[in-house]
């Protein structure tokens, strides 16, 4: 490790020699010893590999053990759980404010079921909802560049959290009845969306890499369980488990919409926005209290521009190998300030970005849950519950499904030799999303087939209520919408969680936040597509909107499978490219922390000694 003039650790990617780098397989090779063990055949002796290489956690597995022993995830460090609390608090706030958004924007002011504030109509409300989604997933690029280049993840998280809470304050103040009466509602909403979206950008691109970085082991090792079974502790599987926990916290936090939609109905929108504003201070507290526990990898400077230079150099020759210093030296080309290993890391990140290209269509489907599904529920009999409370079926389903997948399904598949590699999981996620849209089309057909307004729900004289202002929905029970949310939940477990995992594991150590922001940016593209499609979100065309999305997502799933399934075969090789550097960086950070502790102890001793002399 090297240090810059400020004493910060910097990545030595530009000074390592090519002979030190080696190939991907050399990076992954395992050191084992073998001993002679007599066989049951008296005429034949067979060599059996035995785990003898010891790391800090346990013996490293041999090739035979890697193939035959069951793989398990490691336990999660305390710091990872504290970062999870940060994410839970932020998502509680985010979903708490977005839960009432559609009604707040679409419907006119009133009280009770289906009340609103701004009276913008469904199409405009859906377009604004997509704008907010778009903005929230563009700004992570800014947050990632700031974190990876200058501030580091922790400082970026903290500063952007303050911006975030400021936006929540604006939303709360401008939703007060006096503000709405003064005409500040729409302007306040748009301003709050911009400020909250900016804050979200600094949080989303850094919180998931930060939680993963709290787990510092990069080596496989053998553990003996209480049952006596010997298993391989797999760091890659541990990262998968971390993202499962991370996504669980997202969805526990998203249950805030249950509270805020009820506050919207029984109190007013200002109360619905006050709760998330106050709750966000829990996330800030977790950041502050966890400061001394977090593993903080320092920013690496101008690595991102170097990565783009590598991509451009590779594009000229249509090969990443042509961007390597070793290749350029052999062919008499100019020197470049990076190493062969850095090119391999950028190549791996580029592979991940290619997989992400197909994700926007998935996010268009996901976005339906936040706007058009809410409006669809408002076209049915809700029997006393707010129409926008139905979207909470999705996080509840995820909270139920994740432990089932983590404790039963995935381990069961591994026991019978089936590995659910990332591309397989992403493909399944797209197929489940397609099922959600197909089912939503069926529900819309049922709505249009029921009275009193048929294909014009809530917009015919027959549905006018005695108050002369409001209209009754069609005679369909809102519970029929439930399977659509369950399908979306399953799709998230396979596609969304795996996308986060893929962005982290395939990114160079120095570009974790940036590659994560690229993945999140696909959501912004999906939101832009949603904005373009929002004019179709009106009766009686909604059946075709859902049907078209179902077909597009189904086709996209097959594109993922046939286009990228070969990456499943090289998954392990891709994951070990930066393992040695990560281990070296973690060791250096730990050494510096211990050194700093010793220096503080020494200074304290000097002070104590001086105090004793004085007295």
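Each residue, glycine too, has its Cβ placed from N, Cα and C.
Here is what TrEMBL records for this protein:
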type	residues	note
TRANSMEM	130-150	transmembrane segment
TRANSMEM	157-176	transmembrane segment
TRANSMEM	182-203	transmembrane segment
TRANSMEM	242-263	transmembrane segment
TRANSMEM	269-290	transmembrane segment
TRANSMEM	349-369	transmembrane segment
TRANSMEM	389-410	transmembrane segment
TRANSMEM	422-442	transmembrane segment
TRANSMEM	484-502	transmembrane segment
TRANSMEM	514-537	transmembrane segment
TRANSMEM	543-564	transmembrane segment
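Most Cβ pairs under 8 Å with the transmembrane segment (157-176) belong to 182-203, among the candidate stretches 182-203, 349-369, 389-410, 422-442, 514-537. Same-chain residues lying 6 or more positions outside the transmembrane segment (269-290) and placing a CB less than 8 Å from one of its CB atoms are 79, 82-83, 85-90, 92-94, 96-97, 99-100, 104, 117, 154, 157-158, 161-162, 164-165, 168-169, 171-172, 175-177, 256, 259-261, 263. Within its own chain, the transmembrane segment (484-502) is flanked in space by residues 208, 239-240, 243-244, 246-247, 352, 355-356, 359, 362, 365-366, 369, 373, 390-391, 393-395, 397-398, 401-402, 405, 422, 425-433, 435-436, 439-440, 443, 516, 519, which lie at least six positions past its ends and keep a Cβ under 8 Å from the stretch. Of the ranges 242-263, 514-537, 543-564, the one with the most Cβ pairs under 8 Å to the transmembrane segment (349-369) is 514-537.
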